[in-house]
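Participant: For A:7-26, A:32-51, A:58-74, A:80-100, A:107-124, A:155-176, A:209-230, A:242-265, A:277-295, the entry in TrEMBL reads transmembrane segment.
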Amino acid sequence: MKYATTMIIGAGIALLAAGLFMPGWLTFLLTLAFAKGLVVMGLLLLMRAGLVSFGQGLYYCLGAYCVGIAGDYFETQNALLLILLAVVVCVALAAVIGLLLCRYRDIFFAMFSMAFSMILYGVLVKSSAFGSSDGFNVKPPLLFGWTPTGESGPFLAYGLAVVALVGVGIFVWRYLRSPMGYAGEAVRENEIRVEYLGASVRRIIYTKYLLAAAMAGLGGGITALAAGHIDPEMAYWTTSGEFVFIALMGGVGHAAGPVIGAVLFELLRTYAFQISPYTWQMILGISLLVIILYLPKGVWSLVERVTKGKPL
Amino acid sequence: MLKLSSINTNIAGTPILRDVNLAIEPGVLVGLIGRNGAGKTTLMRTVMGLLTPESGSITIGGQDMTDLAPHFRSQAKVGYMPEDRQLVPTLTVEENILIPAWANALSGAEARLAWVYELMPEVEAFAGRKALQLSGGQQKLVALARALMTGSHILLLDEPFEGVAPALSRRLASVLHTLKDEGLTVLLSESDYSHSADLVDQIYTIERGAVAAQEGAVK
């Protein structure tokens, strides 16, 4: 366990150091990828319990809007404060919605979660105070009064994303090896068994839903600070679908799967758009198809095959 | 004490249990005998809270448990061994046994596990193997070990001897003898009492979802 923690921290330090030398576009791309990776890590917790949420966009968008609105309303650019607020608000909303959602499974869970996300989308599109469908700009973040400018501009959000990724990564890695982590798999396999063995299935799912909401809010907050602009599309069902896409691409067998999936997804989308501006979605679709056919457990399964000495 | 009063349970609208009354005193081993489809498993699942009765009440240790979720039964120290074992195939034997301890945040789990291993040393021998690598009989032993982790007051065993080789059946019976001597309350279901005749203190015969007969000790 200590070895893995050291490895994750080491990877984080290496990413931070690399960020100092990266071109701005790559720093920006990785920041968005890491932020999405955070959302998908939350989705991973739900998927391992057999639940697919098509509504993580709700918390992703809410987190981003919290950062944007609080920045304007409280006239603060303190990045840590804004992100903390985003997480707290997302968990508070999830605490209410989760009471309903933890009663549902399968397609009903997926559709209900999507419905709540679409409600937020509808509200934001109709709210002129928040820029309607155009959204609004978010002030550049400050960290202890410091804000990077010029070429190193995106570095602050990137640094925050890396630190968040390391923290959440260690948490998820340990969580998956804890009784609560195993409980998720046990729920997926057989809910009745979990109940008679002494654990409340609803409580297990509720806890995972809250954690997933917190991670999605964190990812949304970081995205808002990095992009400097937010709009209701973040709550649209296609955004939630993207998170599921990334989860399938990276794999949910390991905490690193979502991060690898998110980076791959952002790179693929960027280059697909560059190569074929009108049919880039087709390239993404074919890529996912290939991954599902040949790597049904996601790209991360390649790493597992190599480390366990299995043939590729 | 476990008490069922006028229990009626339906499955998909079909009445399965009809006006079942049953009382088990502490430290008694009760056999629930009935042929396939008589309602034994439904009764077990109703007691465990996996099926909600249409009417009637279930009390465990004086506490009304009728409308409580199954995990409250486990917290009330009721252990359940289902007919089909229901082990987690990808977890090791020891991890399977420890699930109830984790789920209930059981204090003294290590001591309880040591007691279970002392009771069934053969289980400790394959504690590191995955559940999917075990034979059906071995899985029954592990399911019993898992039920014992929380079942320190009442043990519900659904057809423990079903599909088990004669040698393992004798071993299971010997474990149940020890548990009986230790004063554990046990409700055990079987299609006949060929394996448990020497074990049970009391027999309830169940036919078409109703208690057809109740007998005292059969020796």
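All residue numbers here begin at 1 and follow the chain in the order shown.
Cβ from N, Cα, C; glycine included.
Note: TrEMBL annotation is automatic and uncurated.
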Participant: Counting only CB pairs under 8 A, let me know which of A:58-74, A:80-100, A:107-124, A:155-176, A:209-230 has the most with the transmembrane segment (A:7-26).
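Facilitator: By Cβ pairs under 8 Å, A:155-176 leads among A:58-74, A:80-100, A:107-124, A:155-176, A:209-230.
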Participant: Is the transmembrane segment (A:107-124) packed against any residues at least 6 beyond its ends, judged by a Cβ distance under 8 Å, and which are they?
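Facilitator: Result: 51-58, 61-62, 65, 97, 100-101, 130, 132, 135, 231-233, 235-237, 240.
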Participant: Pairs 6 or more apart in sequence, C-beta under 8 angstroms, 3 or more of them: is that satisfied by the transmembrane segment (A:242-265) and the transmembrane segment (A:32-51)?
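Facilitator: Yes, the transmembrane segment (A:242-265) and the transmembrane segment (A:32-51) are in contact.
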Participant: With the transmembrane segment (A:155-176) as the reference, find which of A:32-51, A:58-74, A:80-100 contributes the most Cβ pairs under 8 Å.
Facilitator: A:32-51
Participant: Before we move on, state whether the transmembrane segment (A:32-51) and the transmembrane segment (A:80-100) share at least 3 Cβ pairs under 8 Å, counting only pairs 6 or more apart in sequence.
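Facilitator: They do not touch: fewer than three Cβ pairs between the two stretches lie under 8 Å.
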Participant: Can you tell me which parts of the same chain pack against the transmembrane segment (A:58-74), counting only residues 6+ beyond its ends and a CB-CB cutoff under 8 A?
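Facilitator: Same-chain contacts beyond the ends: 39, 82-83, 85-87, 89-90, 93-94, 113, 116-117, 120-121, 124, 130, 136-139, 212-213, 216-221, 223-225, 230, 232, 234-235, 239-240, 243.
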